[in-house]
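Lifted from Swiss-Prot, the feature list:
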{"type": "ACT_SITE", "residues": "H48", "note": "active site, proton acceptor"}
{"type": "ACT_SITE", "residues": "E75", "note": "active site, proton acceptor"}
{"type": "ACT_SITE", "residues": "H196", "note": "active site, proton donor"}
{"type": "BINDING", "residues": "N12, R23, G197, G218, H219", "note": "3-amino-2-oxopropyl phosphate binding site"}
{"type": "BINDING", "residues": "D14, H15, R50, H55, T105", "note": "1-deoxy-D-xylulose 5-phosphate binding site"}
{"type": "SITE", "residues": "E156", "note": "site 'Transition state stabilizer'"}
Amino acid sequence: MTEATRILLGVNIDHVATLRQARGTRYPDPVKAALDAEEAGADGITVHLREDRRHIQERDVRVLKEVLQTRMNFEMGVTEEMLAFAEEIRPAHSCLVPERREELTTEGGLDVAGQEQRIRDAVRRLAAVGSEVSLFIDPDPRQIEASARVGAPAIELHTGRYADAEDPEEQTRELQRVREGVALGRSLGLIVNAGHGLHYHNVEPVAAIDGINELNIGHAIVAHALFVGFRQAVAEMKALMLAAATKR
């Protein structure tokens, strides 16, 4: 595998915790899911500790930090509570995301351009504890350029509009937006990741984009795991991504 065809898979285990929290039980254990994902080829584990604690809990994050063999990508809102927790936990990677209590899932990208000083301060605090920061943003040139200005080393492009497109023409347009966003981010010296809404039937065109470093995928893998098991679900996704990346 050459550098040009290398692509990483970050497995988001939030929805293993969603199933647990639905009944207030101790199972299924997202930590076990994370370890299974690593054994199946995941390059990292993503968790989002939301303000309302709807799925991942603080204890999950603490345990994962101790047992992961790869690395944790800690998704977090830009709040004092989350910044203080991240400073304590010191995750290898942190991803700043927008967050609203009423949303089912993260619905859009972070408005970096509209709050540059706030984001710059958060990036500095996280970098000071050794965490590589990415910003979850729409594939919008204005937001990509602002991300570079605030000092974030990485961005994660929101692929939701591509994933939700209902007709082929719209999907093609949205894929092109992602492709152009990757090119711009790379030209500015940023590491470019992507994610949101990706599944087994739409991941390949995104994985084939030259310059994408990592895809973060969760819901589709957790759903598929109900039928084939968690390790198999992760392995199948990784295989699709690697096959697509060889076409770059």
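Glycine too: its Cβ is placed from the backbone N, Cα and C atoms.
Listed in sequence order, T159, G160, Y162, A163, D164 are the same-chain residues at least 6 apart in sequence whose CB falls under 8 Å from the CB of G197 (3-amino-2-oxopropyl phosphate binding site).
Counting only the Cα atoms, the space from H196 (active site, proton donor) to H48 (active site, proton acceptor) is about 13 angstrom. In this structure, N12 (3-amino-2-oxopropyl phosphate binding site) is part of a beta strand by DSSP. Inclusion criterion for the recorded positions N12, R23, E75, E156, G218, H219: a C-alpha placed within 10 angstroms of the C-alpha of R50 (1-deoxy-D-xylulose 5-phosphate binding site); this criterion is met by E75. The 10 Å shell around the Cβ of N12 (3-amino-2-oxopropyl phosphate binding site) contains 25 further Cβ atoms across the protein chains shown. Neighbour counts of Cβ atoms within 10 Å were compared across the binding-site residues R23, R50; the minimum falls on R23. Of all the Cβ atoms in the protein chains shown, 26 others lie within 10 Å of the Cβ of E75 (active site, proton acceptor).
For H219 (3-amino-2-oxopropyl phosphate binding site), the nearest of the recorded positions by C-alpha distance turns out to be D14; the candidates were D14, H48, H55, E75, E156. Spatially close to E156 (site 'Transition state stabilizer') yet at least six residues away along the chain are C95, S134, L135, F136, I137, V192, N193, A194, G195, N216, judged by Cβ distances under 8 angstroms.
By neighbour count, meaning other C-beta atoms within 10 Å, the densest spot among the recorded positions H15, H55, H196, H219 is H196. Ranking the recorded positions N12, R23, H48, G218 by the distance of their Cα atoms from the Cα of H55 (1-deoxy-D-xylulose 5-phosphate binding site) places H48 first. DSSP assigns E75 (active site, proton acceptor) to a strand in the three-state reduction. Here is what falls inside 10 Å of the CA of D14 (1-deoxy-D-xylulose 5-phosphate binding site) among the recorded positions R23, H48, G218: H48, G218.
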